[in-house]
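Student: Please read through the structure below; I'll follow up with questions.
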Ligand SMILES: C[S@@+](CC[C@H](N)C(=O)[O-])C[C@H]1O[C@@H](n2cnc3c(N)ncnc32)[C@H](O)[C@@H]1O
Ligand SMILES: Nc1nc2[nH]cc(C(=O)O)c2c(=O)[nH]1
Ligand code: SF4
Ligand SMILES: [Mg+2]
């Protein structure tokens, strides 16, 4: 759908320069999704992996973040292979609803109430990032923790359009449950892509 060089605004690599590759198409349908224009793959051109990598290497950073849409609707093997050959660390943002493909250096797993994850993602995730939209989402977030590998980073992210309502709850929750960290989408505060 698009690719752009920016600052990773979320999760463990927040603040790090990164080349984002956004693959179009998603079958999860989150009501609060901030990139709904990505959902229909047919709205966007098919692109060649070599051309994507050729664009990426024009920028000085060597961290690539593959996102979407839901990137794992595709076989990501060829894309991750070429990115790694070009010297990139390759991270993914995924809902985990489809079995994983590709070779990833860092997996951000962001589960969704709208569609259950494929259990294979639990052993691949390096970070769990749960979007908090409703107070009941805290309990739902906790339900994933024991399924993950020890040491998986745990983030709670306020749903952006409700951040004024959610943030006070989130701050209290993390003060009382210190294994979690707050993650705000810093790129939106910075007004960058
Ligand atoms: C747009 S999604 C694309 C990748 C993948 N489909 C997924 O959901 O993880 C990228 C990240 O943005 C988060 N996100 C999407 N809409 C959001 C919103 N309105 N507020 C906060 N986070 C949001 C998702 O949970 C995910 O962690
Ligand atoms: N700057 C920036 N950081 C991000 N981290 C995850 C994003 C995504 O949409 O997957 C994203 C995004 O869209 N922009
Ligand atoms: S899974 Fe990701 S891209 Fe798909 S609707 Fe949900 S937030 Fe949007
Ligand atoms: Mg985004």
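Using the three backbone atoms N, Cα and C, a Cβ is placed for every residue, glycine included.
Please treat TrEMBL annotations as automatic predictions, because they have not gone through curation.
Straight out of TrEMBL:
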- 7, 8, 9, 22, 67, 193: substrate binding site (BINDING)
- 13-193: domain 'Radical SAM core' (DOMAIN)
- 26, 30, 33: [4Fe-4S] cluster binding site (BINDING)
- 32, 33, 34, 69, 110, 111, 112: S-adenosyl-L-methionine binding site (BINDING)
Student: Would you list, in sequence order, the residues of this chain other than 26, 30, 33 that have their CB within 8 A of the centroid of the site's CB atoms, where the site is the one recorded for [4Fe-4S] cluster?
Tutor: 28, 29, 35, 36, 38, 39, 70, 95, 112, 114
Student: Are any of the binding-site residues 9, 34, 67, 111 near ligand 1, with a Cβ under 6 Å from it, and if so which?
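Tutor: If the test is a Cβ under 6 Å from any atom of ligand 1, the answer is 34, 67.
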Student: For the binding-site residues 22, 30, 110, 112, which residues place their CB under 6 A from an atom of ligand 2?
Tutor: none
Student: Can you give me the residues near the recorded substrate site, meaning same chain, not 7, 8, 9, 22, 67, 193 themselves, Cβ no more than 8 Å from the center of the site's Cβ atoms?
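Tutor: What remains near the Cβ centre is 4, 6, 10, 18, 20, 65, 187.
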Student: Measuring Cα to Cα across 32, 33, 34, 69, 110, 111, 112, which the record gives as the S-adenosyl-L-methionine binders, how far apart are the two most distant ones in Å?
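Tutor: Those residues reach a largest Cα separation of 15 Å.
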Student: Taking just the CA atoms, what is the gap between residue 69 (S-adenosyl-L-methionine binding site) and residue 30 ([4Fe-4S] cluster binding site) in Å?
Tutor: 11
Student: At the level of the C-alpha atoms, what whole-angstrom distance separates residue 110 (S-adenosyl-L-methionine binding site) and residue 67 (substrate binding site)?
Tutor: 11
Student: Want to know which binding-site residues, from 7, 8, 9, 22, 67, 112, are within 10 Å of residue 30 ([4Fe-4S] cluster binding site) at Cα; which are they?
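Tutor: Passing the 10 Å Cα cut: 112.
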Student: Highest Cβ count within 10 Å among the binding-site residues 7, 26, 30, 33: which residue is it?
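Tutor: In terms of Cβ crowding, the pick is 26.
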Student: Sort out the sequence-distant neighbours of residue 112 (S-adenosyl-L-methionine binding site) for me: same chain, 6+ apart, CB within less than 8 Å of its CB, listed by position.
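Tutor: The list for residue 112 (S-adenosyl-L-methionine binding site) reads 28, 30, 95, 97, given in order along the sequence.
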Student: Within 10 angstroms of the C-beta of residue 32 (S-adenosyl-L-methionine binding site), what count of other C-beta atoms is obtained when all protein chains are considered?
Tutor: 12
Student: Rounded to the nearest Å, what's the C-alpha distance separating residue 7 (substrate binding site) and residue 32 (S-adenosyl-L-methionine binding site)? Just drop the number here, would you?
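Tutor: A Cα-Cα distance of 22 Å.
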Student: Taking 10 A as the limit, how many CB atoms besides its own sit near the CB of residue 67 (substrate binding site)?
Tutor: 21
Student: Can you give me the Cα-Cα distance between residue 26 ([4Fe-4S] cluster binding site) and residue 9 (substrate binding site) in Å, rounded to a whole number?
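Tutor: Residue 26 ([4Fe-4S] cluster binding site) to residue 9 (substrate binding site), Cα-Cα distance: 21 Å.
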